[in-house]
Amino acid sequence: MSGAQRLDWVSRSATALHGDVIVPGDKSVSHRSMMLSAIADGNSHIRGFLEGEDTRATAAVLAQLGVRIEAPSAGERIVHGVGLDGLRGSNQPLDCGNAGTGMRLLAGLFAGQAFDSILVGDESLSKRPMRRVTEPLAKMGAQIDAQDGLPPLHVRGGRKLHGIRYELPVASAQVKSALLLAGLYAEGSTEIIEPHPTRDYTERMLQAFGWPIEFSPGRAKLEGGHRLRATDVVVPADFSSAAFFLVAASVLPGSLLRLPAVGLNPRRTGLLEALRLMGADIRIENQGESGGEAVGDLVVRHTALHGIELPEALVPDMIDEFPALFVAAAIAKGRTVVRGAAELRVKESDRIASMAVGLRALGVRIEETPDGAIIDGGAIGGGTVESHGDHRIAMSFAVAGLVAREAVTIRDCANVATSFPGFLELANDCGFALG
Ligand code: S3P
């Protein structure tokens, strides 16, 4: 969150949640749609674009580099693509706000440009590790200066890039995507191998924009020297935003919610499986495809949840959903054990620590481990928790408040606007008592 505004929420217990909840567009898809449209030949029409601070920051950066972007209505963008080499340098820093996805992908995109760029971010983003992108990009011939591997990133222009074969040390769609975007400008082929498959939106969207690419779960390969053709993009509703409502309706007795047309890319839906293992009743209806992505309505009813040993294989497929899962685990009967999730420590906040401190303040027994947590479910009390500037922590504690014995005050919630503008109103419309 780039502003200095502070906003606290109070979440109180509620009776039951009901109705349809239409969650906003997918953040990952929105970032990518804007980037690829910007460097395509022709005009692309994006529908369902996330009107969040993160994705708007990416659009603003590209506008600063000369891309004309019209916004005829909320969630709609017409992007006048400038072609692969049409971006113009700016002598001002490019502000990615809170967005790790924005900064890491743009670092890849800018590594092969003729001009220098300086990517900056807010306080939280300025603490996030960037060596994971700068090091492999350097192997491709890029030069990116970053003190101690942290933002700001000074991406030097005029470098000749060459393709590499790179085995990612950690499963990361952001790193994979940064390298693929740099690969568009590289001589020869760029091949990425992942230790576990991650979301493949960049691969799918490159294909939709007409760039030849080979990909299968865990691997992607493309060559430089082609062009992107403008296309229309329909952004599905964000599973990660739906996640808060999946947990909320699961834990609050009497609840029944429908979340229409949510993106169900299998690399995103690990939480669905985890909640089902805990006993949740979540059904998928009207399954289909929209803009090349699997979508469906999620129908969730309250059931009593029980703790689980979370299968480690699910971790990359639910990497953004752990704050919500921790709340489910805190309410479930019995013990939940999470392992293999050390990446949570380098998200918008250290999500293991943020959740552990907050849940403990609400009387939950939770033990932090280096790569996860052990949570003993039971009753949630009231109290005050910090969001640590992290949107997903704020929304997760809003869910905890629904079933807490006393009010839960959540400090510093303005950051929710980075990914989920309108969360408070949507939540209250279906039965939250959040203000
Ligand atoms: C994202 C990838 C994930 C995720 C982030 C969005 C993406 O990050 O946590 O919210 O759009 O590629 P990592 O690549 O760091 O796992």
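FYI, residue positions are counted from 1 along the chain as it appears here.
Glycine is treated like the rest: Cβ placed from N, Cα and C.
For 14-425, the entry in TrEMBL reads domain 'Enolpyruvate transferase'.
The C-beta environment of Q174 (3-phosphoshikimate binding site), restricted to residues of the same chain at least 6 apart in sequence and closer than 8 Å, consists of G100, T101, R104, L105, R132, V133. Look at TrEMBL and you will find K27, S28, R32, S172, Q174, D320, K347 tagged as 3-phosphoshikimate binding site.
R128 (phosphoenolpyruvate binding site) falls outside any helix or strand according to DSSP and counts as coil. R128 (phosphoenolpyruvate binding site): 19 other CB atoms within 10 A of its CB, across all protein chains. What TrEMBL records for K27, G100, R128, Q174, R351, R392 is phosphoenolpyruvate binding site.
Summarising the annotation, TrEMBL assigns active site, proton acceptor to D320. The Cβ of D320 (3-phosphoshikimate binding site) has 22 neighbouring Cβ atoms from other residues within 10 Å, across all protein chains displayed. Taken residue by residue with DSSP, D320 (3-phosphoshikimate binding site) is part of neither helix nor strand, so it is coil.
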Spatially closest candidate among K27, S28, R32, S172, D320, the listed binding-site residues, to R351 (phosphoenolpyruvate binding site) (Cα to Cα): D320
Of S28, S172, Q174, R351, binding-site residues neighbouring ligand 1, Cβ under 6 A: S28, S172, Q174
When distances run from the Cα of R128 (phosphoenolpyruvate binding site) to each of the binding-site residues S28, S172, D320, K347, the nearest one: K347
Listed in sequence order, residues with CB under 8 A of K347 (3-phosphoshikimate binding site) and six or more positions away: G100, D320, D390, R392
